[in-house]
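The structure appears below as structure tokens.
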Amino acid sequence: MSDNSKTRVVVGMSGGVDSSVTALLLKEQGYDVIGIFMKNWDDTDENGVCTATEDYKDVVAVADQIGIPYYSVNFEKEYWDRVFEYFLAEYRAGRTPNPDVMCNKEIKFKAFLDYAITLGADYVATGHYARVARDEDGTVHMLRGVDNGKDQTYFLSQLSQEQLQKTMFPLGHLEKPEVRKLAEEAGLSTAKKKDSTGICFIGEKNFKNFLSNYLPAQPGRMMTVDGRDMGEHAGLMYYTIGQRGGLGIGGQHGGDNAPWFVVGKDLSKNILYVGQGFYHDSLMSTSLEASQVHFTREMPEEFTLECTAKFRYRQPDSKVTVHVKGDKAEVIFAEPQRAITPGQAVVFYDGEECLGGGLIDNAYRDGQVCQYI
């Protein structure tokens, strides 16, 4: 059995059960483990409680229980500059961003990794549900987590080969109930702590109220694609393509009582387009354009790829043909897809392996751009 005691692994600890068990497993495997709590957002909940302070207390309790040193590091400036400014800019542009993808790329596997290296880390580890496989030549492949419902490779798709070579995902071969069971058996104080939901810096807050603190809302007209006025919308930034709830219009406005969905946006005229039916024609597209396209392994500057893709988290894979040119790609769907949303990630897979991905710029229906921003 190899001696892991000379290998230092710095674990990103959030105060949740996943990162707690990550640290526990590495400690049990004999690694030299250090726990780091990242404070990325100055956050207070509705009751005036700083949730980061509460989470840090949980990190301290777990680190003490399993016998590892721990530190807290503040990345609020890096987070604001690299993630939150991007988040706001995307909403200003009428898009629907995915800050978790950018947070992993810029904070958890860049700012945090850089800091860990100053502590002498050989690797960093997180509680993500993903796996890494290492070839003899050192090339790292990122694989889906075995818990299909928890697999987080979608959010890790922008990681580079260099970042992956320094990364361990100890939970990738486990299912979530097994992780909780390990925490309970070890008596960890976080064993029954509920999972966090929502965007990291918003937490459980009301999204509309949160966003309006940073971007002024601009109400405008809500229209059907054939020109009927359906009333006022609260501001384009509050709606995403394919959204059903929150429109304030019921089935009585249409002839068939089918539910209403957001089917388009016109940023220049501040119009929100709505239509009836889950598979409304305006929601269906046959291809997309992506930018910031990136692969986890070295690829040619220009190539074509047959693979599968996800266009949102937890979506089943769809067959696609990808034409890559530099950091841009045209992605052609084998079957029409619903509600392809500019700003979201498109992520490519070859079987179990996550190959990388990009950010969706536009969706197309038979060569015509969809009115999604």
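In case you wondered, yes, glycine gets a Cβ from its N, Cα and C as well.
The model shown is predicted, which means the values in this text are computed figures rather than measured ones.
Copied over from Swiss-Prot, here are the features:
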BINDING   Gly12, Met13, Ser14, Gly15, Gly16, Val17, Asp18, Ser19, Met38, Gly127  ATP binding site
DISULFID  Cys103-Cys200  disulfide bond
ACT_SITE  Cys103  active site, nucleophile
SITE      His128  site 'Interaction with tRNA'
SITE      Gln344  site 'Interaction with tRNA'
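Shown on the structure are the features that Swiss-Prot records.
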residue	record	Cβ contacts under 8 Å, 6 or more apart
Gly12	ATP binding site	Ser19, Ile36, Met38, Lys108, Phe112, Val124, Ala125, Thr126, Gly127
Ser14	ATP binding site	Phe37, Met38, Asp55, Val59, Gly127, Ser196
Gly16	ATP binding site	Asp55, Asp58, Gly127, Thr190, Lys193, Asp195, Ser196
Asp18	ATP binding site	Gly127, His128, Tyr129, Leu171, Val179, Asp195
Gln344	site 'Interaction with tRNA'	Thr96, Pro97, Asn98, Phe311, Arg312, Leu359, Ile360
Around the C-beta of Met38 (ATP binding site), how many further C-beta atoms are within 10 angstroms, looking at every protein chain?
25
Site extent for ATP (largest Cα pair distance over Gly12, Met13, Ser14, Gly15, Gly16, Val17, Asp18, Ser19, Met38, Gly127, Å)
16
Just how many other Cβ atoms lie inside 10 Å of the Cβ on His128 (site 'Interaction with tRNA')?
25
Cβ contacts within 10 Å for Cys103 (disulfide bond), all chains included, total 26
